[in-house]
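Peer 1: Pasting the feature list from TrEMBL:
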DOMAIN    32-274  domain 'Rhodopsin'
TRANSMEM  15-36  transmembrane segment
TRANSMEM  48-71  transmembrane segment
TRANSMEM  103-122  transmembrane segment
TRANSMEM  134-156  transmembrane segment
TRANSMEM  176-202  transmembrane segment
TRANSMEM  214-235  transmembrane segment
TRANSMEM  247-274  transmembrane segment
Amino acid sequence: MEGVPLSQNEKGRKVVIILSVFMALDIFFVAARVWARHLKKQRLQFNDWALLAALVSTAAMYADITALVMYGGVGLHVTDLITNYGGMPRIHAAGKLVLAADILWNSSTLIIKVSILSLYLSIFGVTSSRFRKIVYVVMGVCVTSTVVFIIQILVLCRPLPFFWDKTLNGTCGSLPLTYLIPSLIITAEDIVVFALPMVLLWRLQTSTKKKLGAMFVFGLGLGICLIAGVRIKYVLVIKEEDFTETIWMFAIFGGLEPMLGIICASLPIIPALVAHYTRNRVMNWSTRGGSGGSTFKRSFGKNISNTSTRSGKNDFERLGDGEYPLIDNPSGHAGHMGDGIKVTTGYTVDTQPKHR
């Protein structure tokens, strides 16, 4: 079957262009995340592997939506496709691709949420057993709901081929309703997932500015909820008798949701990469005169001092501190300090004089 020329499908062309841009951004951000791990000499954690799996699933969804435009004719009216672009086989192809896109979309959004929740466990799980239990409960709810939604899609039409071939004898439930209910539930899940760490971040033993900065990075995902809200709007305009034309905006916002999710899931790790190349430091330090002592204060409010062996000379070399103050700790070395987060970092101080 020949493809529908994009030059004759303006709406379909917009779908492909927009999703292609964000798919490229997804690849960039995930690659940057993996590179950041490499620079810090850290093994990839479960949350990293989950995000890589989400990238693969999202790429498959992107390929499916692209095929849906080019071979299914999304963006054009059903009557136009039947008359000018191959008849019913084109409509059947579109129906099959829509079904596949639904399954891939649900899978992608679930894996992204699992990756984010796993990252929360790595960063915050060692400080609060209550938070850890809440994360596991939310993860269980997300997995269960996604399985239910996929089953719902598969049993929407009986027999299943009636989903894409209405010339068969069969029955179908309401397609818009099948999209609407899961969309509302998934949006609520997204809000919970991205709001989870906010209380712990606010209790960090650091300046308000840095608290707000960390909350901003982790809270960017709440913007996805706005995308989900717009997506729900376009669920309501889908007409089953002309689904290829009325689904094109839904395809854009549906595709954007997991794509933006991948970017937001990568953002907490990216500052380490930026700091590596900009030589930025979280630590502020000052040099005291007289005894040659050096004192520097971390963003978590701890002072670390050293006195040089050479009076009047400052030979202390500041070590690279956490470029990103909330790097997940796979070894689990962290202490509990009330309801806050205590971060323990080891330093090696070489006070031998430099030879010039």
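Start at 1 and count along the chain as shown; that gives each residue its number.
The backbone N, Cα and C atoms fix where each Cβ goes, glycine too.
Map these features onto the structure and tell me what's around them.
Peer 2: Counting only same-chain residues 6+ beyond the ends of the transmembrane segment (48-71), those with a CB under 8 A from a CB of the stretch are 1, 3-4, 6, 9, 12-13, 15-16, 19-20, 23, 26-27, 30, 33-34, 37, 90, 93-94, 97-98, 100-101, 104-105, 107-108, 111-112, 114-115, 118, 251, 255, 258-259, 261-262, 265-266.
Listed as Cβ neighbours of the transmembrane segment (103-122) (distance under 8 Å, sequence separation of 6 or more from its ends, same chain) are residues 45-48, 50-51, 53-54, 57-58, 60-61, 64, 131-132, 135, 138-139, 142-143, 146, 149-150, 153, 182, 186, 189-190, 193-194, 196-197, 221, 254-255, 257-258, 261-262, 264-265, 268, 328-330.
Here the transmembrane segment (176-202) has long-range neighbours at 106, 109, 113, 116-117, 120, 123-124, 127-128, 131, 134-135, 138, 141-142, 145, 149, 152-153, 156, 211, 214-215, 218-219, 221-222, 224-225, 228-229, 231-232, 235-236, 238, 240, 250, 264, 326, 341, meaning same-chain residues at least 6 beyond its ends whose C-beta is under 8 angstroms from one of its own.
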Peer 1: Give the nonlocal contacts of the transmembrane segment (134-156) in its own chain as ranges (CB under 8 Å, at least six residues past its ends).
Peer 2: 99, 102-103, 106-107, 109-110, 113-114, 117, 120-121, 125, 163, 172-173, 175, 178, 182, 185-186, 189, 192-193, 196
Peer 1: In this predicted model, what is the average pLDDT of the domain 'Rhodopsin' (32-274)?
Peer 2: 88
